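According to Swiss-Prot, the protein has these features:
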type    : residues                          : note
BINDING : 112, 131, 132, 133, 134, 135, 136 : S-adenosyl-L-methionine binding site
């Protein structure tokens, strides 16, 4: 097994999605393993209760420390990876973080629920990640796309390295426009350069369109790009209506 990912959750059935498609095939090939552990199984009370009212009052319930910490400690006996908590205090997840985490051989993800976790659990957490400044039902909803993004970059998961190096965000830009057959669809034609067979012109077109899309749709990303002289010339050329 190349990579081991363990997920601590109250809802393990939500992660059955990883049994399908690209990630499912990678698991079948033993390129990686994704295991879930039900935090509720580590409770010490007869009702298997994992939450309680917050000290000081307030709305909602808080996940108690004991079952979470005992679950972490149990998993740690077979997985020495960092504990990653999906929570609002964390750094916003992006492609650069996905690249970094995909190089880890072992990872443990902790999914919170309700109004959050007891503060004392944080001393057992190595990294906190957020998917954005909005509210979701639980950490599971954040964990699924994060794990999927990481797994796609593990060698052998995709058919070729090129499959992910040309995708949006991998190099900090949006992916160029894509087309497939038919060549003509209700008056709309595939750009001629893509059916020309001229590989260098196709490369330039794709690169220019990638930058222009990023500039127009995600100016925040575009501002961070270090453009070469060729890049600036290509952008100017295609923005002025040039076609190959």
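We number each residue from 1, going along the chain as drawn.
Glycine is no exception: its Cβ is also placed from the backbone N, Cα and C atoms.
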Checklist outcome for this item: Neighbouring CB atoms within 10 angstroms of the CB of residue 136 (S-adenosyl-L-methionine binding site), all protein chains considered, total 12
Checklist entry - For residue 134 (S-adenosyl-L-methionine binding site), which residues in the same chain are close in space, meaning a Cβ under 8 Å from its Cβ, but six or more apart along the sequence? => result none
Next on the checklist: Can you tell me how many other Cβ atoms are located within 10 Å of the Cβ belonging to residue 135 (S-adenosyl-L-methionine binding site)?
Outcome noted: 7
Next on the checklist: With Cβ-Cβ distance below 8 Å and at least 6 positions apart along the chain, what are the contacts of residue 132 (S-adenosyl-L-methionine binding site)? List them in sequence order.
Outcome noted: 92
Checklist entry - residue 112 (S-adenosyl-L-methionine binding site) has how many other Cβ neighbours within 10 Å of its own Cβ? => result 25
Item to check | Residue among binding-site residues 131, 133 with least C-beta crowding, 10 angstrom cut-off | outcome: 133
